[in-house]
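What follows is a short report on a single structure.
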Amino acid sequence: MQNSHLSQQRFSDLALHRIVQQAIKEKGFEFCTPIQALSLPITLKGQDIAGQAQTGTGKTIAFLTATFHHLLQKNNINSSEQPRALILAPTRELVVQIANDANFLVQATGLKTGLAYGGEGYDKQLKVIDRGIDILIGTTGRVIDYVKQGIIRLDYIQVVVLDEADRMFDLGFIRDIRYLLRKCPVPQQRLTMLFSATLSYKVRELAFEHMNDPQYVEIEPLQKTGHRIREELFYPSNQDKMALLMTLLEEEWPERCIIFSNTKHRCEEIWGYLSADGHRVGLLTGDVMQKKRLSLLKQFTDGTLDVLVATDVAARGLHIPDVTHVFNYDLPDDCEDYVHRIGRTGRAGESGISISFACEEYAINLPAIEEYIGHSIPVSQYDAKALIEDLPTPHRIKRGAFDSRSNLQRTVKRLKKTY
C-alpha cells in the first residue's frame, strides 16, 4: 500500500476503544485515509454523518471501525440476542464483502455478525441469527422479510449504516429503507452513518429525514476518474471490435482485468471468444446464480481467474484488489457508470489502465461522458491489418446451474406438469 493516498491522521491518535485500537494496529493500519480522517472524529463522538468519497478510499473501514467502537463503548449485555447494529447495502456481493472486511474486528472483539441477503442460504442465515448476533449486515428485502416474520426485531438497534446509499435510492429501495428505519429507535437514540461514492442533494434530503443533525463530509478527487488511472480510447468499427480486444489483451497481457459490456448477451459473446482462446475468464451478469457469483468473485480475487467479463452489476461497491486494467467494450449509457467502472482499477494508491471502445453503436455516449468527467479521453489509433485475424470459434454458455433463469424456467415446467 502506498502512502500517497493516506492522510497524516494516525489511528493511534483517535479516541478508539482499546480493543478496536489494538485490532487496527495488528491489521497494519497506521494512517487513516482522508475519508477516515474526516469521518471518524465525528462518528466516534456519536454524531451522525453523511460521507462522500470515491470507491476504494476506505469507507468500509471507516464505518466498521465506528460501529464496533460504538457497540463496545455502550458495553451493555445483549441479553435479547437481537442485533444492535444494522448495516444495509444494495447488493448481496457487497454484503458479503463488508462481512469479510469486518472479520478482523469480529475476531478481536467477540461481537457476532449475521448476514441477510436473497438468492441463497436462507436456512444457513437463519441458524446464525437464531444463535444471537450483534451486527446484522444485509440487503433491504431479506431484512424486511425477517422483520415481518418476527425473526428479527430492530428495537435494540444502536447503529445504522447505509452503504452505497445513493445506489439504494436509485434502485428504488427508498420505501424499504424508510420501513426499516422506522422500526429502529428514533434518530436521537442511535448513530446513523451514510457512505457512498456519490451522494446527491436529493439523496441527502431524503436520508436526513431519518438522521439526527448529521454532518456532511466530502473527499473531492483531483478528477472524477482518479489521477492514477491512465485512460485510452479507440474508435473501432463493429467488425474490428472483438479482434481489437483480443489483440490488446495479447499486447497488454494484464495481470487482472475486468471487461464491461452494456448487455448480458454481449458479455456472453465476449466470454465465449476469450474462453475459446484459452483465457482464464469468468462471466458475471445478473442471470448468474448467487453461489456461482460469489465463487467467481473469490476466484478472481485469489488469481484463479485473470479476466472477469461483467455488466454493471459488478461496477459498484465491490473491492477487488490489484485490478490492473479495465476495458469498456461498450461505452456506458450512464456517465456515472463510466466513473464507477474504471474505478475498479487505480484503487488504494495503485495505478491502473482504462481502455474504452467508442464503437459505431455507443460512440454517441462519449460527449456526455467527457463533459461529466471534465476532460477528453486520449485517443489512440490502431492498424486494422495488424489485428488478430483468426478468431477462435466461441464457446457457448451451457445453460444449467450456471443460469438462475433457466432454473426458474425448469421449475415452471415441472409445476405445469404437476398441475
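Backbone N, Cα and C define each Cβ position, glycine as well.
If you look up Swiss-Prot, you'll see Ala53, Gln54, Thr55, Gly56, Thr57, Gly58, Lys59, Thr60 marked as ATP binding site. DSSP assigns Gly56 (ATP binding site) to coil, not to a helix or a strand.
Per-residue pLDDT, averaged over the domain 'Helicase ATP-binding' (40-217), rounds to 89. Per Swiss-Prot, the feature domain 'Helicase ATP-binding' maps to 40-217.
Per Swiss-Prot, domain 'Helicase C-terminal' is recorded for 241-388.
The motif 'Q motif' annotation in Swiss-Prot covers 9-37.
According to Swiss-Prot, the feature motif 'DEAD box' maps to 163-166.
Summarising the environment of Thr60 (ATP binding site), the number of other Cβ atoms within 10 Å of its Cβ, over all protein chains shown, is 23.
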